[in-house]
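What follows is a set of notes on a single structure, which appears directly below.
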Amino acid sequence: MNAVEIYTDGACKGNPGPGGWGAFLKSADSQKELFGGELGTTNNRMEMTAVIEALAALKRPCQVTLHVDSQYVLKGMTEWLAGWKARGWKTAAKQPVKNVDLWQRLDELVSTSGHRIDWRWVRGHNGDPGNEHADMLANRGVELALRQR
């Protein structure tokens, strides 16, 4: 099983507002940059989209070390998801889960891809080269969204 390190980030100018996502993937023999943007979106949606697009770009099951600077994504996947599903996509306060469309896509992708994922939190804007690279790509995605107006 190939080992892949992934760094993801989301950015938003206004929340909601134009946003972008970026992902930097690296393995022993290759690197890949992914980015995109949307107009009326939120930072959390862009953080999630970055993870979805990065995992979807992998063509076969991999051992993934996934670095995110979003506690929302990290805790959603490692702490909250099972409870949300058990409650029919409701929070502990019985409210609908926000961004349920993306949570369901991410859950489906993780559970059917065959990837083994080690979720890791990295402090954003703190000099981590992989995170800084993903941040640059996310900002490129914002620029792309703004050009599409």
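Quick reminder: no glycine exception, Cβ is built from N, Cα and C everywhere.
Positions annotated as Mg(2+) 2 binding site by Swiss-Prot: ASP9, ASP135. What Swiss-Prot lists as Mg(2+) 1 binding site is ASP9, GLU47, ASP69. Residues or ranges marked as domain 'RNase H type-1' in Swiss-Prot: 1-143.
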*Enter the number of other CB atoms within 10 angstroms of the CB of ASP135 (Mg(2+) 2 binding site).*
22
*In terms of DSSP three-state secondary structure, what is the assignment for ASP135 (Mg(2+) 2 binding site)?*
helix
*Taking the binding-site residues one at a time (ASP9, GLU47, ASP69), which has its Cβ surrounded by the most other Cβ atoms within 10 Å?*
ASP9
*If the Mg(2+) 1 site is taken as the center of the Cβ atoms of ASP9, GLU47, ASP69, which further residues of that chain fall within 8 Å of it by their Cβ?*
THR8, GLY10, MET46, ALA50, VAL68, SER70, VAL73, GLY124, ASN131, ALA134, ASP135, ALA138
*Can you count helix, strand and coil residues in the domain 'RNase H type-1' (1-143) using DSSP?*
59 helix, 47 strand, 37 coil
*About how far apart, in whole Å, are the alpha carbons (Cα) of ASP9 (Mg(2+) 2 binding site) and ASP69 (Mg(2+) 1 binding site)?*
7
*Between GLU47 (Mg(2+) 1 binding site) and ASP135 (Mg(2+) 2 binding site), what C-alpha distance do you get in Å?*
10
